[in-house]
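A short worksheet on the structure shown next.
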Amino acid sequence: MAKVYYNGDANEQYLQGKTVAIIGYGSQGHAHAQNLRDSGVHVIIGLRKGRSWEQAEQDGFDVYSVREASKKADIVMVLLPDEKQPAVYKEEIEPELKPGNALVFAHGFNIHFSQIVPPEHVDVFLVAPKGPGHLVRRTYVEGAGVPALIAVYQDVTGHAKETALAYAKAIGAARAGVLETTFKEETETDLFGEQAVLCGGLTALIKAGFETLVEAGYQPEVAYFECLHEMKLIVDLLYEGGLSWMRYSISDTAQWGDFTSGPRVINEAVKAEMKNILHDIQTGKFAKGWILENQANRPEFNAINQRENEHLIEVVGRELRSMMPFVKAKQKEVVVPGAKN
C-alpha cells in the first residue's frame, strides 16, 4: 500500500527564506500561488504578457517574465500545459537554473518522456494535487485540502523529498493526505485513467449508449437524459462512497442490471484493449504520437474535435441545457461554428 503523509510529516523550514516562482497562472497556477502565499511562502509569478499577467497583478503578486522569475527563484514550479512546457523550459527556464534550485512539476509527462532533460545540479520533484485548481483553492480556504501525489526524480540537495512535502503542506494537500509515487507511475497511470476510463472510455460509452437508443427509434432528448445527464447523479455517489455506496443508493432493479449487464458491455475484449492502451503509454507510443501531432499544429486533433462538437448528443445537449438554468449558470459552452450556443 502507498505511504501517506500528513501535516505532521512535513516541515515548513524547507521553504523558509525561499522564493517560489509559479510559471503559469491558470487553473492550478492561481491556486498554488495563493495557497503558498497564505502559508507564508514568498511567491512570484512568471508569465508572458496577457490577461493572466493582469489577473496575477490584480491578485497582488509580483509578475515577471518567465526568464526573470526563474532567475529570481529558488524553486520553479512549472504549471503550463504539457505541450508548451518544453519550449518555454529550454528558452526561458533552463538558462536561469542555479545549483541547488528545485525544478517542480504537477505532472510527469515531459520528464518521463524526456521532453525536458533537467541539468544535474538541481532537485527535480513533482507535487500533483488530485483535483482542479478551483477545488485546491476553495478547500484550502475552508481549512481542508485536496490530496496530492509527490515524487522525486532527482535529489541533489539531499532533501528534495522534504521540500516536496513542505510544498504539498503549503498548498493544503497534507491536510488531506499526500501519497508518494514515482514520475513513471504518476505519468502512466494518469494517462491511462484519462484515456481508458475518465475521458476516452466514458465519452465513448456515453455516445455508444445514446446512439443505440436513437438508432432504435427513441427520442434523442430522452436518450440524452438517460445516457449523459443522469451520469452526474451516479458519479457523485461513486465520489462520495465508492461502488458499494452507489449500489446501495440506487434501486434494486438498477443494481441487478448493473450486476448482469455491466460485464456484457465492459467484457474481456474491452479489458484486453485497455491493456493495449496501457502498453502504448508504457512504450511511449502515445507520447510520440501526441508530440508529433503538436509539432504539425494539431490537424487531426482539430478535425476530430470539430466533428465531436457537432455530434447529435452535443446539439441535443445544448438545447436541453438551455432549459435548465441551474446547469447553464455553472457551465462554459464550447462555441461551435454554425451551431446555436
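Note that the numbers count up from 1, one per residue, in the order the chain is shown.
Glycine too: its Cβ is placed from the backbone N, Cα and C atoms.
Annotation comment: Swiss-Prot describes 2-181 as domain 'KARI N-terminal Rossmann'.
The NADP(+) binding site feature in Swiss-Prot is assigned to Tyr25, Gly26, Ser27, Gln28, Arg48, Ser52, Asp82, Glu83, Lys84, Gln85, Gly133; the stated evidence is sequence analysis. Asp82 (NADP(+) binding site) is surrounded by 18 other CB atoms, counting those within 10 A of its CB over all protein chains shown. In the three-state DSSP reading, Asp82 (NADP(+) binding site) counts as helix.
Listed in sequence order, the residues of the same chain lying 6 or more apart from His107 (active site) and placing their CB within less than 8 Å of its CB are Asp82, Leu126, Ala128, Glu186, Thr187, Asp190. Among the features that Swiss-Prot reports, active site is placed at His107.
Sequence annotations record features per position, and here Swiss-Prot assigns domain 'KARI C-terminal knotted' to 182-327 based on sequence analysis. Per DSSP, the secondary structure of the domain 'KARI C-terminal knotted' (182-327) breaks down as 125 helix, 0 strand, 21 coil.
The substrate binding site annotation in Swiss-Prot covers Ser251, and the record cites sequence analysis as its basis. On its own chain, Ser251 (substrate binding site) has no residue at least 6 apart in sequence with a Cβ closer than 8 Å to its own Cβ.
In this chain, no residue six or more apart from Lys84 (NADP(+) binding site) has a CB-CB distance below 8 Å. Under DSSP, Arg48 (NADP(+) binding site) is assigned to coil, being neither helix nor strand in the three-state scheme.
In terms of local Cβ density within 10 Å, Tyr25 ranks first among the binding-site residues Tyr25, Ser27, Arg48, Gly133. Here the domain 'KARI N-terminal Rossmann' (2-181) returns a mean pLDDT of 97 for the predicted model.
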